[in-house]
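Feature annotations, courtesy of Swiss-Prot:
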| type | residues | note |
| --- | --- | --- |
| ACT_SITE | ASP459 | active site, proton acceptor |
| BINDING | LEU341, GLY342, GLU343, GLY344, GLY345, PHE346, GLY347, ALA348, VAL349, LYS364 | ATP binding site |
| CARBOHYD | ASN23 | N-linked glycosylation site |
| CARBOHYD | ASN125 | N-linked glycosylation site |
| CARBOHYD | ASN129 | N-linked glycosylation site |
| CARBOHYD | ASN162 | N-linked glycosylation site |
| CARBOHYD | ASN169 | N-linked glycosylation site |
| CARBOHYD | ASN174 | N-linked glycosylation site |
| CARBOHYD | ASN195 | N-linked glycosylation site |
| CARBOHYD | ASN211 | N-linked glycosylation site |
| REGION | 20-251 | region 'Legume-lectin like' |
| SIGNAL | 1-19 | signal peptide |
| TOPO_DOM | 291-651 | topological domain 'Cytoplasmic' |
| TRANSMEM | 270-290 | transmembrane segment |
Amino acid sequence: MANSILLFSFVLVLPFVCSVQFNISRFGSDVSEIAYQGDARANGAVELTNIDYTCRAGWATYGKQVPLWNPGTSKPSDFSTRFSFRIDTRNVGYGNYGHGFAFFLAPARIQLPPNSAGGFLGLFNGTNNQSSAFPLVYVEFDTFTNPEWDPLDVKSHVGINNNSLVSSNYTSWNATSHNQDIGRVLIFYDSARRNLSVSWTYDLTSDPLENSSLSYIIDLSKVLPSEVTIGFSATSGGVTEGNRLLSWEFSSSLELIDIKKSQNDKKGMIIGISVSGFVLLTFFITSLIVFLKRKQQKKKAEETENLTSINEDLERGAGPRKFTYKDLASAANNFADDRKLGEGGFGAVYRGYLNSLDMMVAIKKFAGGSKQGKREFVTEVKIISSLRHRNLVQLIGWCHEKDEFLMIYEFMPNGSLDAHLFGKKPHLAWHVRCKITLGLASALLYLHEEWEQCVVHRDIKASNVMLDSNFNAKLGDFGLARLMDHELGPQTTGLAGTFGYMAPEYISTGRASKESDVYSFGVVTLEIVTGRKSVDRRQGRVEPVTNLVEKMWDLYGKGEVITAIDEKLRIGGFDEKQAECLMIVGLWCAHPDVNTRPSIKQAIQVLNLEAPVPHLPTKMPVATYHVSSSNTTSVSSGGATVTFSSAQHGR
């Protein structure tokens, strides 16, 4: 019983100390983070409006205020939110339905306005009419045309609205054709580009002729307060409609500021006073733990079967060999701290010496119990075990015993590229930087065009470029890589990678491609020449005070691109014409418009002086992206795996 009380207390405290990141796949009575107003109710999903009644409004909001921008620097936060929904338009047979729902950001502690049903979407009313009484930005899925403020050229629409019922940007959308289908939405705010984008798709009824993305340039730090409430609002008017929120995921790059909603306080009082209620809740939690544990055991058994199959395939192959955990622990002195080369999100890398091979190796040890780590282990072993190229880190062996997952690579005595560019290791001479750039490009050419399948790496960055004893570049870390057919276009993989290196269309659509890898290569090339990071990381927060691509493009427009050369190179000397060529190729590869980016082969031709240096626009273009789900084949699913650019070695 004491353990149950401790567990229950931990469950109560946990939401108030975590960062701004949550993932709710089911809305039940045990989900305390969500506050409901108006007609909104939770019964597994959130019923924002009841289809059996007219003139209704409902809110479901996150119960803590979310920091949107830093008051000290006025720099906004990147954020992304994913959610799934279902709209019931069954009453279309009676003439119409309405009015839709919206995801909104508004000041903290606001309440559902009175008399805000119908076309007001629960955000406005007759007194404030088309302008909100409080700062407000929202994305609306509007199913009913109100001629006073809605666009007249479409029946229903998806819009991005800035403090007004009139959409700042919109596109047509037909809710009838998607009746009862599950819609899945991604909303992303790129604070560096001030770009708020939304894209959506449907499980069964996606239409290739229908627009499915939208974006709007807005500086949220100029519109909204530093701390906001986020949530959903839906209404019905004289006609009815069912709006259900099925799941919700949110992630932000600023830390959470804790506030306690009054209704949470009341719940705490009730729990504290009612012993019987506490016992019931304890019983419920215990039952839930037992249920989840059994479910986890079943899933683990399936994973074990899958891993066993993979182990057998690897053991039959002629590639990397299998090692015992005992041998690897001995090689790395039981994985002592003084053997640690670097640490990332899913484990650490250690230096070791294998007596059986008489050689130094790097041992990547995945964190125990990490599901993502297991997936990365499987992905990396399956892909890299078949690859052979002088500019790829060579996989020597692997180990899977119980819950331990390890990979053994050739040892890179000169460490990672980022340690030389941004860390304390000796700086790199100009001819070495040129060799590294061409080596990385050669590795990418092999992955994209020369191997039997196209490999999209998805996490090309300076910390994943290793340097051997002769400072040859070796691309590593294939845990996020995906295999694709050469003839297919961008594939839906889910957002993964590192902010600062991810292409804008990849952030907006979640579709990885050879072009998104080329963008990352362009950013790394600019880092190599300038010695500057793609984004700055200060006090644990990502603050793109100077976005490298934007700054370099500005200098290019002024004809001053060469002034950005790494100051360390001015001591040992460099080829100015060659440096300018590398910078322009870097910008070309990091072009915001995916259709204007070169292939890696074209970039290599310019770097080798086999083709002329391209002429780029003097001002950095702003591209928008159309998301169509009809022409792609999904190769992966699941949540986002995103890290932030830093000076750490590896992921």
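If you go along the chain as it appears here, the first residue is 1 and each next one adds 1.
Even glycines carry a Cβ here, placed using N, Cα and C.
Looking only at the recorded positions LEU341, GLY347, ASP459, the one with its C-alpha closest to ASN195 (N-linked glycosylation site) is ASP459.
Among the listed binding-site residues, namely LEU341, VAL349, the Cβ with the most fellow Cβ atoms inside 10 Å is that of VAL349.
Taking the C-alpha atom of LEU341 (ATP binding site) as reference, the shortest distance to any of the recorded positions ASN125, ASN162, ASN169, ASN211, ASP459 belongs to ASP459. A straight line from the CA of ASN174 (N-linked glycosylation site) to the CA of GLY347 (ATP binding site) spans 46 Å. When the Cα atoms are compared, GLU343 (ATP binding site) and ASN162 (N-linked glycosylation site) turn out to be 42 Å apart.
Between the CA atoms of GLY347 (ATP binding site) and ASP459 (active site, proton acceptor) there is a gap of 16 Å, rounded to the nearest whole number. Cβ packing within 10 Å was compared across the glycosylation sites ASN23, ASN125, ASN169, ASN174, ASN195, and the lowest neighbour count falls to ASN23. The Cβ neighbour count for ASN162 (N-linked glycosylation site), using a 10 Å radius over every protein chain in view, is 19. Closest in space to ASP459 (active site, proton acceptor), of the recorded positions given as ASN23, ASN162, ASN211, VAL349, is VAL349, taking the CA atom of each residue.
Reduced to three states, the DSSP call for ASN174 (N-linked glycosylation site) is coil. With a 10 A radius on its CB, the residue listed as 'active site, proton acceptor' counts 25 other CB atoms from all the protein chains.
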